[in-house]
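J.: Pasting a structure here, questions to come.
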Amino acid sequence: MNNILNFYPAVITTDVAENWQIGFQDPATPIMEGIINLHYDLMFFICVISVFVSWMLGRTLWHFEQNQNKIPSSLTHGTLIEMIWTVTPAFILLIIAVPSFSLLYAMDEIISPAITIKTLGHQWYWSYEYSDYLNEDDDSINYDSYMIPEEDLEIGQFRLLEVDNRMVIPINTHIRVIVTAADVLHSWAVPSFRSKCDAIPGRLNQTSLFIKREGVYYGQCSEICGINHGFMPIVVEATSLPNYVSWISNKLNE
């Protein structure tokens with residue numbers, strides 16, 4: 001039960017970076033969906049502005065080329081045009097700012113979490129603690145997550161991304177992840193969640209998750225933390241609530 005979704009086809013359950021990928025991974029949280037939608041909205045403005053500026057530059061170079069225009073223009077001031085190129089960009093920035101501010105607010109909002117998971121970064125592995133659950137000895141669920149060496153990988157597993165113990169969470173549940181570090185700076189990052197939370201020794205940072213679909217999601221430490229920085233991947237397994245409860249029960253009985 002440690003890796004609940006191993007029997008599903010990898011193409012369905014894995015959200016992982018691909019070779020030569022330049023776009024986003026498939027979103028698994030409402031926040032990531034909002035970020036992607038905002039990106040597409042901004043790209044519209046970027047394309048329109050880029051085409052307009054390129055046209056203006058080309059038109060200027062063509063009409064004011066030395067061989068065609070021996071006498072340079074003496075225009076030094078134009079109130080109307082100056083108002084236009086001041087007010088128009090300000091209006092565009094305002095249109096862009098409103099949805100981005102609401103998204104930034106939502107990214108920092110922690111909504112009545114049902115589960116709290118503590119994440120601790122080490123050189124060079126992650127530790128997870130589920131302090132909401134205690135066994136008969138009042139011990140919480142606590143385990144380390146190391147990268148699987150390349151020679152131990154099974155067919156279909158991803159090089160430099162697989163771990164021996166995944167972080168397991170339920171879908172459609174508000175989750176709080178508390179992140180810190182034991183030695184140097186780390187960063188807990190999973191692209192499909194839009195999550196990137198710095199792990200700082202002596203400080204607790206937090207982020208929230210609300211996963212909408214089952215799957216296995218891959219991330220990596222995103223803060224240079226030493227010689228093996230590239231060898232501390234993150235794997236999050238999102239499963240149904242009954243499977244999650246079963247996994248918790250097995251962990252408590254170990």
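Placed from the backbone N, Cα and C atoms, the Cβ positions cover glycine too.
Note that this is a predicted model, so its numbers are computed, not measured.
Swiss-Prot lists His186, Cys221, Cys225, Met232 with the feature Cu cation A1 binding site. Positions annotated as Mg(2+) binding site by Swiss-Prot, on the basis of similarity to another entry: Glu223. Taken from Swiss-Prot, the feature topological domain 'Mitochondrial intermembrane' applies to 1-37, 105-254, supported by sequence analysis. What Swiss-Prot lists as transmembrane segment is 38-58, 84-104, and the listing cites sequence analysis.
Tell me what's around each of these sites.
T.: A sphere of 10 angstroms centred on the C-beta of Met232 (Cu cation A1 binding site) encloses 23 other C-beta atoms. DSSP assigns Met232 (Cu cation A1 binding site) to coil in the three-state reduction, outside any helix or strand.
Applying an 8 A CB threshold to same-chain residues 6+ apart, the list for Glu223 (Mg(2+) binding site) reads Leu185, His186, Ser187, Asp198, Ala199, His229.
Only residues 6 or more beyond the boundaries of the transmembrane segment (84-104), in the same chain, are considered here, and those with a CB under 8 A from a CB of the stretch are 31, 34-35, 38, 41-42, 45, 49.
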J.: Relative to the Cβ of Cys225 (Cu cation A1 binding site), which residues of the same chain, six or more apart in sequence, are found under 8 Å away?
T.: Gly121, Gln123, Trp124, Val184, Leu185, His186, Met232
J.: For Cys221 (Cu cation A1 binding site), write down the residues of its own chain that are at least 6 apart in sequence and whose Cβ falls under 8 Å from its Cβ; none is a fine answer.
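T.: In sequence order, the residues whose Cβ lies under 8 Å from that of Cys221 (Cu cation A1 binding site) (at least 6 apart) are Gly121, Trp124, His186, Ser187, Trp188, Ala189, His229, Met232, Pro233, Ile234.
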J.: Which residues, in sequence order, are found in the same chain with Cβ within 8 Å of the centroid defined by the Cβ atoms of His186, Cys221, Cys225, Met232 at the Cu cation A1 site, excluding those residues themselves?
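T.: Neighbours within 8 Å of the Cβ centroid, excluding His186, Cys221, Cys225, Met232: Gly121, Gln123, Trp124, Trp126, Ser187, Ala199, Gln220, Ser222, Glu223, Gly226, His229.
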J.: Across all the protein chains here, work out how many other Cβ atoms are within 10 Å of the Cβ of His186 (Cu cation A1 binding site).
T.: 30
